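First up is the structure itself, then whatever we jot down about it.
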Amino acid sequence: MADKKEVIQNWPLETGDYAVGNVESPVAVVSLGSNMNDELVAAGAAISGPLHTENLGIEKVVANIISNSNIRYVLICGSEVQGHITGKTVEALYENGIDEEKKSIIGSPGAIPFVENLPVEAVERFQKQVSIVSMINNEDVSEISSKIDECISNDPGAYDEDAMIVEFNETPEEEFEVDEVTFSDDSAVDLASIVLLEVENRISMMNNEIKQIASLEKISSGYYAGKIEGIVIGFILTLVFLIIIIQGL
């Protein structure tokens, strides 16, 4: 059995829209624009949640992962978030790290990939502690669950170093993407662009929720559609029989 370390109290430390399972599991799941929290935690993940922003959102993901030395895999799945491109940005962070002065994620395709609250040491710890498993744009719970099982089977054991705690200098306003970034003078991103991206993100989240509701209603919708169709056919047949009877008289 793989060696494990005691998990710090109140883990995960950073708040978010996630579900928590076995905290000694080696797998953390980032489901991007999809919400499959309960299913993937049930499949064996230590933590599972969506990731909608390539700045504060990624900061929280990194902080929660490096504060649990048992996590050795970050499985990225679900639908990519358009505009923010959070999945590819996590991969860029893992592969390239950050610009120490600008605090930007090197090579990120996202619009605002700034991680103001993450020290270089935290990013380096993230890079050393975990391996990235990429299943971007895959929403098949069965396939993702199988990959979780595979990671658990190959668990290398807890990372050698103890949990690393990242303190966020966070105020209520910093929950909004507009306020969380400090731009350099040569930045080409203006306030209007950021606000538009936030609107786009909200629309994307609403679309995902609508898709989930639609999938749940699919069976009942089909049932009622078939029922209505049967009533219409019965009504037409009744009219035909009445016409035949009347003509016979």
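Here the Cβ of each residue, glycine as well, is placed from N, Cα and C on the backbone.
According to Swiss-Prot, the protein has these features:
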- 1-227: topological domain 'Cytoplasmic' (TOPO_DOM)
- H84: 5-hydroxybenzimidazolylcob(I)amide binding site (BINDING)
- 228-248: transmembrane segment (TRANSMEM)
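Computed over the topological domain 'Cytoplasmic' (1-227), the whole-number mean pLDDT of the model equals 84. All protein chains shown were included, and the count of other CB atoms within 10 Å of the CB of the residue listed as '5-hydroxybenzimidazolylcob(I)amide binding site' stands at 30.
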